[in-house]
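S.K.: Got a structure for you, written out below as structure tokens; questions coming shortly.
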Amino acid sequence: MAIKMDKNFTLEILNLLKNNVLKNRLKIGKELTEMLIDEIDKLIETANEISEEISKNSPNNSSLYDLRLIYNKLSTLYEDIDKLLGEIECILSLSNKDIKNWKLWKNLGDKAYLWKAYYEALFCYNKALELNQNTELLCKKGYALLKLYKRDLAIKYFEKASEKDRNNYKALFGLGKSYYLMSDNKNSIKYFEKVLELNPNDVEALEYLGELYYEEDCEKAINYFKKALELKPDDIDLILKVAFTYFKLKKYKHALKYFEKALKLNPNVFELEQIYESMGRIYIYLGEDEKAIECFEKLKEINLYHYEIYEIIALTYEEVGNIEKAKEFYKKLV
């Protein structure tokens, strides 16, 4: 559905959507109804705030961009709810025997999840959970909630699953991921370490732990990244994480080794920029100016904003105390 960018029309659609959800609340279920109403209310509030800002000031690119985001979210939500209500009508027309089969609801939820219809998946998992409160369903609901950014609620269901089975891998991983997304590093580390107790070779958990330790303890971070890399030796993302962690630790020769390894794996343009910029800076730190300039020349072939590169070079020379060289490149910015 294409929503035209008009405040009154938008609010009218949002209120119609809200009324439609409330009218079908018995079919949708209390929890899912509250979630949908909360999403609609947030959009109404934000749309009003942005429209008020635009009416007071001349529209700028930022406010118009924010408004476009609201319309995009509204279009997506409208389609999701419309599809959900349509699917509910079809699903509830099933035979009485099928409606009482939790596995059927689980399968319908899995299918919806696969198609990224997360509200529909939640509806089906809710129906399945009414019939069977097993750990698999609790975790499936938790992951569907994560997809909808309902992290607090997701934690509630992962915890329920964990209470039933303290060593449930999916529940522990879900808790680790939920806390990671909430920037609660302490709890995220706690649960990902529990995941590793169950499976020391879980690459995702190792990578998450590397990222969680990166800011506070690079030595621990590098250990986790390298363990993950042993299991996925050609993963360029992991190779670069190892390289950048060594760079942060000022272990420049180790960092170069991994940046060079990444270059052999056909990195994309964004990765190439990161690699050549980092290698150029490292060679300056090591006093190997010729190699540094070679890297920055390659960077110039990728990044057309050469003044940014000159500024990076100048700042790096300034960092190592070579003021004359820094001045040379600052002049190129003029």
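Backbone N, Cα and C atoms are what each Cβ position is placed from, and that goes for glycine too.
Sharing the record's features from Swiss-Prot:
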type	residues	note
REPEAT	102-135	repeat 'TPR 1'
REPEAT	137-168	repeat 'TPR 2'
REPEAT	169-202	repeat 'TPR 3'
REPEAT	204-235	repeat 'TPR 4'
REPEAT	236-269	repeat 'TPR 5'
REPEAT	273-306	repeat 'TPR 6'
REPEAT	308-333	repeat 'TPR 7'
S.K.: Within the same chain, where does the repeat 'TPR 2' (137-168) have neighbours whose Cβ lies under 8 angstroms from its own Cβ atoms, ignoring anything closer than 6 residues to its ends? I mean 6 or more beyond.
M.R.: 35, 102, 106, 109-110, 113, 116, 118-119, 121-122, 125-126, 128-129, 174-175, 177-179, 181-182, 198
S.K.: Can you give me the average pLDDT across the repeat 'TPR 2' (137-168), rounded to a whole number?
M.R.: 98
S.K.: With a Cβ cut-off under 8 Å, give me the same-chain residues at least six positions beyond the ends of the repeat 'TPR 3' (169-202) that come close to it.
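M.R.: Apart from its flanks, the repeat 'TPR 3' (169-202) reaches 135-136, 138-139, 142-143, 146, 151-152, 154-155, 158-159, 161-162, 208-209, 211-213, 216, 231.
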S.K.: Below 8 angstroms Cβ to Cβ, which residues of this chain, lying six or more residues outside the repeat 'TPR 1' (102-135), approach it?
M.R.: 28-29, 31-32, 35-36, 80-81, 83-84, 87-88, 91, 94, 141, 143-145, 147-148, 160-161, 164-165, 168, 170-171
S.K.: Using DSSP, tally how many residues of the repeat 'TPR 1' (102-135) sit in helix, strand and coil.
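M.R.: Final tally across the stretch: 28 helix, 0 strand, 6 coil.
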S.K.: Short question: which residues 6 or more past the ends of the repeat 'TPR 5' (236-269) have a Cβ under 8 Å from it?
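M.R.: Same-chain contacts beyond the flanks: 207, 210-211, 214, 218-219, 221-222, 225-226, 228-229, 275, 278-279, 282, 285-286, 302.
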S.K.: According to DSSP, how is the repeat 'TPR 7' (308-333) divided among helix, strand and coil residues?
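M.R.: Counts, helix then strand then coil: 21 helix, 0 strand, 5 coil.
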